[in-house]
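Asker: Okay, handing you the structure first.
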């Protein structure tokens with residue numbers, strides 16, 4: 001094994017390899033384990049080892065390989081020679097596409113002699129392209145744990161029940177339509193996960209799984225479930241949410257060990273009293289007792305009863321041919337009219353942060369929402385589906401309008417959008433209709449007027465400034481073409497402020513575009529109003545300039561001498577044959593192109609200030625914000641009760657969608673494992689109408705012997721747009737050339753940590769806790785103690801958002817009066833113990849923290865859960881193998 005480690009470039013102590021680069025943690029060769037899935041060339045390394053050290057490789061018991069590896073097919077032929085192999089992981093998902101989704105591996109089958117692995121107890125083939133389960137798997141006599149989730153399985157083999165030792169089976173996120181009757185022969189099965197499939201019926205034999213403790217059938221198309229489920233006397237958790245159930249058998253209430261029954265988001269109009277009386281049943285999202293006509297929204301005519309799914313917080317819901325109305329927890333509404341879907345369709349949704357790498361905003365656009373992704377992409381509906389997306393009300397002038405923008409996979413396009421304000425909440429929503437799903441967001445753009453230009457010619461004018469007109473004469477085109485017009489008014493005050501010249505004036509900025517690459521056959525006449533204060537009576541023609549700009553506004557050329565200018569008392573008229581930006585200027589300056597470029601760029605910039613505040617109760621919690629200048633005072637006023645800190649930074653100018661970083665310096669550090677941490681700096685994306693805010697936990701990496709630390713946070717530009725004006729950035733020399741601002745931070749004298757003291761905490765003694773579920777990982781008692789020390793005075797609002805009653809909050813406060821730490825611990829652990837059996841409790845904790853304004857704690861919990869996801873497969877394998885040595889335990893992942 002030592003020679004094998006040397007071949008891999010690793011050392012026994014997981015230090016630096018022979019190349020001098022540190023080896024990835026957890027990828028070191030140890031005893032009989034070989035973890036190669038973290039290497040992009042893992043299969044190549046395995047084949048090299050198999051060739052040069054075959055005698056040692058065949059003794060390996062634990063093997064991990066990535067199925068995203070291009071040499072996987074070659075490697076598979078060598079695996080049956082590993083006779084001692086007990087655990088094999090051939091997972092995909094080690095690479096992501098440009099939208100952050102996991103890429104499936106290339107595995108489609110296994111070699112026939114794979115069944116020779118007689119010792120194999122754990123097999124993970126998740127995130128691959130299996131359409132059928134390889135028959136060789138049925139010849140693995142020792143197999144206890146089998147994971148084939150995130151594949152394309154349509155059915156399972158008829159003799160699947162021959163895997164008699166199987167205790168854990170996960171086939172979530174496949175396309176299973178039915179189950180073989182032999183599944184009832186898996187008498188040792190304890191965990192069965194068939195969620196997110198296309199199951200419509202269950203065989204009665206499912207009731208023979210007498211040792212099953214958890215059964216997940218959520219996200220399928222089940223209309224009913226068999227009465228035989230009442231025979232599962234060991235069952236503790238039954239997940240049936242997000243199906244099409246219209247009834248459930250009353251006999252489920254008799255299951256002696258059942259502690260959770262999830263029936264949310266089905267079609268249940270009535271539930272047996274025995275089921276309804278269960279304290280652990282969840283039925284939200286069902287039309288219980290509801291029979292109302294579908295809403296007469298938009299142009300869709302309703303004719304039948306409609307299922308209503310309300311406040312859905314999970315990531316999917318089902319649409320049937322009956323139609324339905326869906327309300328997501330984030331406020332997004334859908335209306336699927338009857339007949340929109342001919343067959344039941346599982347709709348998956350998620351909210352994404354707008355990444356400038358693929359969310360390409362146009363000039364003068366303002367982003368008003370996060371990105372909504374709806375899957376399956378491209379699914380075609382028979383009738384238009386209506387979507388209502390809430391957005392942040394833009395405080396933009398009348399020359400802007402709100403539209404929903406959608407991404408086809410290649411480019412973004414704008415949808416016909418209607419805007420309204422809700423009466424009660426006064427929130428703004430954008431309404432659109434679509435026939436297929438993809439990605440959607442809400443933006444504010446310059447008002448767009450458009451028309452179809454026929455061969456006979458036509459007239460197009462601006463609704464922002466009706467004095468701006470475009471006249472198309474007869475014969476201007478052979479084939480009809482679409483033309484769009486946008487106008488950006490520029491006040492005389494803005495021109496004077498930017499140019500520092502009171503003599504400069506300009507007309508509104510005009511942008512013309514068309515859907516044809518060919519120029520017009522005849523000149524098109526454009527009418528622009530003369531700049532403010534200029535009329536045909538006092539006009540000095542030598543001072544008037546017509547400027548033509550390229551599509552990006554980078555170059556402005558004076559074309560006055562190239563066109564024929566006509567004047568009236570109020571207007572200037574000229575002719576062109578191709579479209580772009582046009583601008584009429586009145587000035588004594590001779591080189592006007594550079595001045596126009598500077599003005600155009602400054603019109604796209606936002607004046608912002610950076611803010612760094614520290615919690616009064618716990619200064620190690622630092623709130624960072626980038627705020628438009630006009631919002632600084634209201635933001636500070638809102639936060640002054642809970643935070644304190646330095647004055648906001650000097651004014652800086654930034655583009656919409658520009659990246660910037662926050663770097664902590666002089667004895668201050670942050671958790672480098674954060675997903676938004678790049679080279680030790682915290683990454684932000686500036687959007688003027690979204691919250692450019694993060695609250696993080698800072699520490700001092702050096703021993704400060706209980707003393708205070710005076711550090712600082714500096715802000716730097718990220719990838720600077722090519723068109724950034726020189727005066728928009730405070731340029732320096734060297735590595736800090738993109739520096740923007742610096743603000744001081746002071747850490748007070750150290751306090752003893754709660755989790756440094758073993759035994760009872762503040763007089764409390766808590767039993768061990770594991771909150772969450774196996775796939776996402778758990779929050780332990782130590783995690784909760786770490787969270788508790790950061791809660792501070794927000795504990796009451798957090799408790800209420802967690803679902804505690806006012807009476808409970810008052811009782812906790814009274815019992816621990818004058819001791820804030822005890823109040824926090826009592827609240828947090830009381831909630832934890834009440835919800836320890838709820839697999840969704842961690843997501844509820846994250847939501848409660850966000851609703852209480854504690855994004856810093858929510859980020860910490862999400863980081864712990866992300867680590868749990870990464871360790872899930874390894875944990876499952878470890879537990880599955882332990883079962884071979886002991887008859888105790890179950891196939892459940894632990895952290």
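Placed from the backbone N, Cα and C atoms, the Cβ positions cover glycine too.
Pulled these features from TrEMBL for this protein:
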- 313-446: domain 'ZU5' (DOMAIN)
- 436: active site (ACT_SITE)
- 438: active site (ACT_SITE)
- 447-588: domain 'ZU5' (DOMAIN)
- 578: active site (ACT_SITE)
- 580: active site (ACT_SITE)
- 780-865: domain 'Death' (DOMAIN)
Asker: Around residue 436 (active site), how many other C-beta atoms are within 10 angstroms of its C-beta?
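Answerer: Looking across every protein chain shown, the total is 14.
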Asker: Run through the domain 'ZU5' (447-588) and tell me, per DSSP, how many residues are helix, strand and coil.
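Answerer: So the counts come to 14 helix, 59 strand, 69 coil.
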Asker: By the count of other Cβ atoms within 10 Å, pick out the sparsest of the active-site residues 438, 580.
Answerer: 580
Asker: Averaged over the whole of the domain 'Death' (780-865), what is the pLDDT?
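Answerer: Average per-residue pLDDT within the domain 'Death' (780-865): 80.
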Asker: As a test of the contact definition, list every same-chain residue at least 6 positions from residue 578 (active site) whose Cβ is closer than 8 Å to its Cβ.
Answerer: 519, 520
Asker: Give me the Cα-Cα distance between residue 438 (active site) and residue 580 (active site), rounded to a whole Å.
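Answerer: It is 30 Å, counting Cα to Cα.
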Asker: When secondary structure is assigned with DSSP, how many helix, strand and coil residues does the domain 'Death' (780-865) contain?
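Answerer: Split into helix, strand and coil, the domain 'Death' (780-865) gives 65 helix, 1 strand, 20 coil.
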